[in-house]
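Novice: Provided herewith is a single structure, encoded as structure tokens, for subsequent inquiry.
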Amino acid sequence: MKILVPVKRTIDYNVKVKVKADSSAVDLTNAKMAINPFCEIAVEEAVRLKEKGVADEVVVVSIGSKSCQEQIRTALALGADRGIQVETEDALESLQIAKLLAKVVEEESPEMVILGKQSIDSDNNQTGQMLAALTGMPQGTFASEVEVNDGKVKVTREIDGGLQTVELTLPAVITTDLRLNEPRYASLPNIMKAKRKPLDVKPAADFGVELESHVKVLKVTPPPERQGGIKVADVDELVEKLKNEAKVIS
Amino acid sequence: MSILVYAEHDTENLKPETAKVVKAATQMGDDVHLLVAGENCQSIAEQAAKLAGVAKVLVADNAAYGHQLAENTADLLVEMAGGYTHIVAGATTTGKNFMPRVAALLDVAQISDIIGVESDDTFIRPIYAGNAIATVQTADKVKVVTVRAASFDAVDESGSADIEAVDVVKTSERSSFVTESLTESERPELTAADIVISGGRGMQNGENFSLLEGIADKLGAAIGASRAAVDAGFVANDMQVGQTGKIVAPQLYIAVGISGAIQHLAGMKDSKVIVAINKDEEAPIFQVADYGLVADLFEALPELESKL
Ligand SMILES: Cc1cc2nc3c(=O)[nH]c(=O)nc-3n(C[C@H](O)[C@H](O)[C@H](O)COP(=O)(O)OP(=O)(O)OC[C@H]3O[C@@H](n4cnc5c(N)ncnc54)[C@H](O)[C@@H]3O)c2cc1C
């Protein structure tokens, strides 16, 4: 079984971004970049399925400028077998990304596509579901457990009320939630090995997909700042303030 | 403008988010229809018909929609999309699951998790865990939008919309429901509660959450948690508050043994009043707290419970 894992280069999750002075976008100058944490969980899951003998090949794909090869290499160091970079300088929207991925799916015919449920930059939570719709695949989103059996996959999903399990006929799309696994650290030998694994570069324009954007960002502003409050001396003062000043308890 | 809103429910009750999502929809235009999809959901339709601003309730009552499987629900919405300018749902795990499918099948973008409506095509949404706020305009004919319910007030229940049956059945052969384990709780739902008290890694284990329960009982509060507390297995996943969990904006949020990582703040910093109880006076949570108490939670919580 072949597993395709799309990954995204995003800001490191520890970085608190600032907005540019002209309100056009967030300022990513010199920001530390990394593989989106949910994508990393997706890579880990695919690699574990390979280690269990369920999968025999893990292919990673990233869509972006040359710099995203770094994240592809990270995924290869975690154990993926080969990489594909779909090269574009444009910041594409989820729909365009999903359309490009659908083309990659057509070429690669994976039995499973595992993606992160959301990227921590645009926080859209869309691409996996869109890809599933465009390819006619069933989907198991926000997965906390994945069990492959006999041409089917059981996915336990984290939902607002608890957990839900669905069964999908392969090929299927899965998106990862935080508790699916804890990604390993790449070892130095594996990082070295990753440098020699195959990485194909294909221009996005060659896929024959309409890449025009549908959504215009009019402005990006900082969120309203919360005024820091006060420290109370003890529980008595806290209760007194909540009752008489904030008036949120009686 | 004609807006189709997906009503969220658990077959017995319309979820409180729906009244807030309807509020957002009424800001996009005035012809708002509510779709109730489910199995044996007639009573939901009756509840939905009372929401102010709703002109019509459409009911798709069929086993195919019983567990809100994304494949079936999306196909239903796509079939119904003709004639609507907007398709709107809450940014809940249900809405997040099927709405991007709807968007892709209609070949339009989705605007996720909006916190404000500027006009019928322009919306405000947080990005980067709420550290930036984007105003975006969509050029699509049909606007597919998910709404962060916590950012809108609920409409009242003074309406009396007509109820109409919808005879569309969409069933996917490739996806089926297996089982569900839902957390039973007498407490208010996290996303609807006026008061939320959340515990973090500082709680040390699941048993210690009983220290929060006593207080929650006295205040009628819901109980939440940080990711660290959920990952460590102290409490269930549906209690996670944050960028990638639930977004809450109660009147009062009490964070106990939570450091205040940006991902956690993203889920609660729009609360009206924030209280932090933490033994580390440098913890970042104090930067957003209206009232900070530097204390050991194992001493502070029993005392707080006794003084309420
Ligand atoms: C992709 C991604 C998504 C994430 N999404 C979320 C999310 O949705 N929600 C979320 O919460 N996190 C999320 N996180 C995790 C986040 O970065 C933090 O790791 C997490 O919020 C920390 O939880 P915590 O504050 O409970 O634990 P810690 O950071 O370990 O803080 C524990 C706090 O407890 C205090 N403490 C300890 N003992 C006591 C005591 N006896 N009395 C008083 N205080 C005490 C300590 O001083 C400390 O401040 C996400 C991370 C990533 C990478």
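Count begins at 1; order follows the chain as displayed.
Heads up, the Cβ atoms here are built off N, Cα and C, so glycines get one too.
Features from TrEMBL:
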BINDING   B:R201, B:226-227, B:240-244, B:257-264, B:N278  FAD binding site
DOMAIN    B:3-181  domain 'Electron transfer flavoprotein alpha/beta-subunit N-terminal'
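So that I understand the layout, could you describe where these features sit and how close they are to other parts?
Specialist: All chains included, 23 other C-beta atoms sit within 10 angstroms of the C-beta of B:Q243 (FAD binding site).
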Novice: Where's the emptiest Cβ shell within 10 Å among the binding-site residues B:I258, B:A261?
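Specialist: Sparsest of the binding-site residues B:I258, B:A261 by Cβ contacts within 10 Å: B:A261.
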Novice: Among the binding-site residues B:R201, B:Q243, B:I258, B:H264, which ones place their CB within a distance below 8 Å of a chain A CB?
Specialist: B:Q243
Novice: Just going by other Cβ atoms within 10 Å, which of the binding-site residues B:R201, B:H264 has the emptiest spot?
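Specialist: Minimum Cβ neighbour count within 10 Å, taken over the binding-site residues B:R201, B:H264, occurs at B:R201.
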Novice: In sequence order, which same-chain residues at least six apart have a C-beta under 8 angstroms from B:Q240 (FAD binding site)?
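Specialist: B:G224, B:A225, B:S226, B:R227, B:V230, B:K246, B:G267 - these are the non-local Cβ neighbours of B:Q240 (FAD binding site), listed in sequence order.
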